[in-house]
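Asker: Pulled these from Swiss-Prot:
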- Lys16, Phe17, Ser18, Gly19, Gly59, Arg63, Thr166, Tyr172, Asp175: ATP binding site (BINDING)
- Gly58, Asp78, Thr139, Gly140, Asn141, Pro142, Phe143, Phe144, Thr145, Thr146: UMP binding site (BINDING)
Amino acid sequence: MNESQPKLKYKRILLKFSGEALMGKSQFGIDPSVLDSLARDIAELIHMGVEVGLVLGGGNLFRGKALSQAGVGRVTGDHMGMLATVMNALALRDALERIDLPARIMSAIPMLGVVDPYHRRKAITHLRNGQVVIFAAGTGNPFFTTDTAACLRAIEIGADIVLKATKVDGVYSADPLKNSDAKRYDYLTYKEVLTKGLEVMDSTAICLCQDQGMPLQVFDMAAPKALKRIVTGERVGTIVGANHDQ
């Protein structure tokens, strides 16, 4: 790393980006400008020496809840959602490669000829070689969210932290768009998230991070230079860890 570069607090991160965020201001699909902006932010991290893994949701292309109400089975719906995350991963890989940033997609569901199958040791090698690794198809199993997949992959690859990009600047006691008295938290413990019922991630993801001591940081992706500020140690959004001194 160049001496002029700021000192890094986090050398390897797992970024969780929701499918809905990829829509931008649209109601469905992928906004190319959002992809390009995300790709530029990731490129900045790579040039700083940060190793970046990503997990994308699929809610911009597929909404399992609506199909479930129409009678489609949960397992079928979850498998369809996994395929949606692969489509988002392909779009992001293309955006990264357009700016000459090497990227690999590793899918929990084998799709030879389209993406690579997930392999932990190969993923770590790619990260060490400066490639962005996009983990697709969730965990490969129904009944598990992409949030849980993000935490699982972060633990497997030895990431320093899970960064969850959202549309608000952290975790609140209530929906800040509906309740002006909602309180924003700077720090939370895993236990506080679970006992307060805060919508940070689903309980399976939180418990997994708690068991393995994996910290989380929830932040507003639209905040200027958010990712760069986080990896250099600035407090952006809400940090979730074992204690308030995380």
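Numbers run from 1 along the shown chain.
Backbone N, Cα and C atoms are what each Cβ position is placed from, and that goes for glycine too.
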Asker: Quick check: which same-chain residues outside Gly58, Asp78, Thr139, Gly140, Asn141, Pro142, Phe143, Phe144, Thr145, Thr146 lie with their CB within 8 A of the centre of the UMP site CB atoms?
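Answerer: Here the nearby residues are Gly81, Met82, Gly138, Thr148, Ala149.
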Asker: Counting across all protein chains present, how many other Cβ atoms fall within 10 Å of the Cβ of Gly58 (UMP binding site)?
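Answerer: There are 26 of them.
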Asker: Within 10 Å of Ser18 (ATP binding site) (Cα to Cα), which of the binding-site residues Gly58, Thr139, Asn141, Phe143, Thr145 do you find?
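Answerer: Candidates kept after distance check: Gly58.
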Asker: If one measures from the C-alpha of Phe143 (UMP binding site) to the C-alpha of Gly59 (ATP binding site), what distance in angstrom results, rounded to a whole number?
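Answerer: That comes out at 15 Å between the alpha carbons.
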Asker: Among residues Lys16, Phe17, Ser18, Gly19, Gly59, Arg63, Thr166, Tyr172, Asp175 annotated as binding ATP, what is the maximum Cα-Cα distance? Answer in Å.
Answerer: 25
Asker: With UMP as the bound species and Gly58, Asp78, Thr139, Gly140, Asn141, Pro142, Phe143, Phe144, Thr145, Thr146 as its recorded binding residues, calculate the greatest Cα-Cα distance and give it in Å as a whole number.
Answerer: 15
Asker: Which of the three DSSP-derived classes (helix, strand, coil) applies to Asn141 (UMP binding site)?
Answerer: coil
Asker: Looking only at C-alpha atoms, tell me how far Lys16 (ATP binding site) is from Thr145 (UMP binding site), rounded to the nearest Å.
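Answerer: Rounded to the nearest whole number, the Cα-Cα distance is 12 Å.
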Asker: Using all protein chains shown, find which of the binding-site residues Ser18, Asn141, Thr145 scores highest when you count other CB atoms within 10 A of its CB.
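Answerer: Its Cβ has the most other Cβ atoms within 10 Å: Ser18.
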Asker: Could you state the whole-number distance in Å separating the C-alpha atoms of Gly59 (ATP binding site) and Thr145 (UMP binding site)?
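Answerer: Computed Cα spacing between Gly59 (ATP binding site) and Thr145 (UMP binding site) is 11 Å.
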Asker: Could you list the residues of the same chain, at least six apart in sequence, whose Cβ is under 8 A from the Cβ of Thr166 (ATP binding site)?
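Answerer: Looking at Cβ-Cβ distances below 8 Å from Thr166 (ATP binding site), excluding near sequence neighbours, one finds Ser18, Ala21, Val218, Phe219, Asp220, Met221.
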